[in-house]
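Okay, so here's the structure we're looking at.
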Amino acid sequence: MPLVVRFPDVLKNRLETLQSAFDMAINSQGYEAHYQGVYPVKCNQDRFVVEDIVKFGSPYRFGLEAGSKPELLLAMNCLSKGSADALLVCNGFKDTEYISLALVARKLLLNSVIVLEQEEELDLVIDISRKMSVRPVIGLRAKLRTKHSGHFGSTSGEKGKFGLTTTQILRVVKKLDESGMLDCLQLLHFHIGSQIPTTELLADGVGEATQIYSELVRLGAGMKFIDIGGGLGIDYDGSKSSNSDVSVCYSIEEYASAVVQAVLYVCDRKGGKHPVICSESGRAIVSHHSILIFEAVSASTSHVSTQPSSGGLQSLVETLNEDARADYRNLSAAAVRGEYDTCLIYSDQLKQRCVEQFKDGSLDIEQLAAVDSICDWVSKAIGVADPVRTYHVNLSVFTSIPDFWGFSQLFPIVPIHRLDEKPTMRGILSDLTCDSDGKVDKFIGGESSLPLHEIGSGDGGRYYLGMFLGGAYEEALGGLHNLFGGPSVVRVMQSDSPHSFA
């Protein structure tokens, strides 16, 4: 433990669902081109995951997207076993080696497209392609004005990290024309941001991009593809809300329909040929296919304070200073009157004054503990004691759930056994690392604790929990914090018979 359980059949289903949604939208709206997606390797670069996507996507011309030289090498190797028409979209910062590799891919009959993220990359592409005697296929990333305001929207808009402005796009077109390579410009790429919250925002961005696409056609580019990037969101918390970074208010079918409709509207109005629609929907494809299983090895116990005896209580009160004795008298009076909020105020004041006495040496540790017991007993007596326990779980949050630590990304976490028993406790999760940030204390639905079972009352004292929808990015981002090592991995696939698994 911890253990990552992967279900390639779920991966296949997600890919087929995405393809089916676009096929349905294309057929129902009379769109005159097709959809073919690409999987961004950065979402989960595990070899088996990438190979499964290429295998399952081969009938649909499904390709890969790379953002670095190592990712490009992995993608080239995997796509050599895929569809000949699959796209190999080459994004990211590009130096001489990167561009040379992308051109080698074309020599190997892979359908690589070099997407310009910076204007300076064009000179390298022209120069290297001539030296290698390879006719490149070029795309460019447009920096749209459309953006969304959530956490994931920072890469979009005019001040986004990537892409070319309209002025830069025109300069690229002019230079390609002067070089006799304008026909090589075949793809327009853009990215509004991950977790696009609404189809209205999506349609706005796709419409703007299609206008740019149509202008490139008018200027003589050999345009064929419009790559709408990522952004197909996951409803992590089940709220179907447009006001949350962990939810979206649309289905895959509604997403596909909005994209096709937006492209169709602009192209028909301009009288242009419909482009092949491409998307880079990594999160939507791989999030569901794996489960992180981990064990709660222990839990903090709830200490039940007993009511002190009257004699012991009187002896303790006599050792307190005058201010602390006043707090105790006020606490007692408020409890008799049933003023529970006032009780808490005087209880906190009493504890703080006694801490000060302990610091100056006038109160010993036994007396300080007795005061704590009095205050705890009062809290329990009036029903405001904190019932939340800390469950110590055998993992590192930094390694296995880095997005929670980094920006409080929420994931569904539930017990995965003893489901016929009603949970009787509430708890937060604390990992086994030596860092105070290694805990999970925010959960789906705005909860600050989870309903959990008592440890040790079944299954040999073992207690297992599962985290879901973590198939994208968590494994890719996790390191070896505290040298804990990575989780073990198990692949579960349905075999020939309906209820048999391997």
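Backbone N, Cα and C atoms are what each Cβ position is placed from, and that goes for glycine too.
As recorded in Swiss-Prot, the features of this protein are as follows:
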type: BINDING; residues: Ile226, Asp227, Ile228, Gly229, Gly230, Gly231, Leu232, Gly233, Ile234, Asp235, Tyr236; note: substrate binding site
type: MOD_RES; residues: Lys42; note: N6-(pyridoxal phosphate)lysine
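Neighbour list (Gly230 (substrate binding site), Cβ cut-off 8 Å, at least 6 residues apart, same chain): Pro40, His191, Ser194, Ser279, Glu280, Ser281, Gly282, Arg283.
Around Ile226 (substrate binding site), the C-beta neighbours below 8 angstroms that are at least 6 residues distant in the chain are Leu187, Leu188, Ala209, Thr210, Tyr213, Val263, Pro275, Val276, Ile277, Cys278.
Mapped onto three states, the DSSP output places Lys42 (N6-(pyridoxal phosphate)lysine) in helix. Each of the binding-site residues Ile228, Leu232, Ile234 was scored by the other Cβ atoms within 10 Å of its Cβ; the lowest score goes to Ile234.
Under the DSSP three-state reduction, Leu232 (substrate binding site) is assigned to coil, being neither helix nor strand.
Counting only the Cα atoms, the space from Lys42 (N6-(pyridoxal phosphate)lysine) to Leu232 (substrate binding site) is about 16 angstrom. Taking a C-beta cut-off of under 8 angstroms and a sequence separation of 6 or more, Tyr236 (substrate binding site) has the following same-chain neighbours: Val246, Ser247, Gln409, Leu410, Phe411, Pro412, Ile444, Leu469.
In the three-state DSSP assignment, the secondary structure recorded for Ile226 (substrate binding site) is strand.
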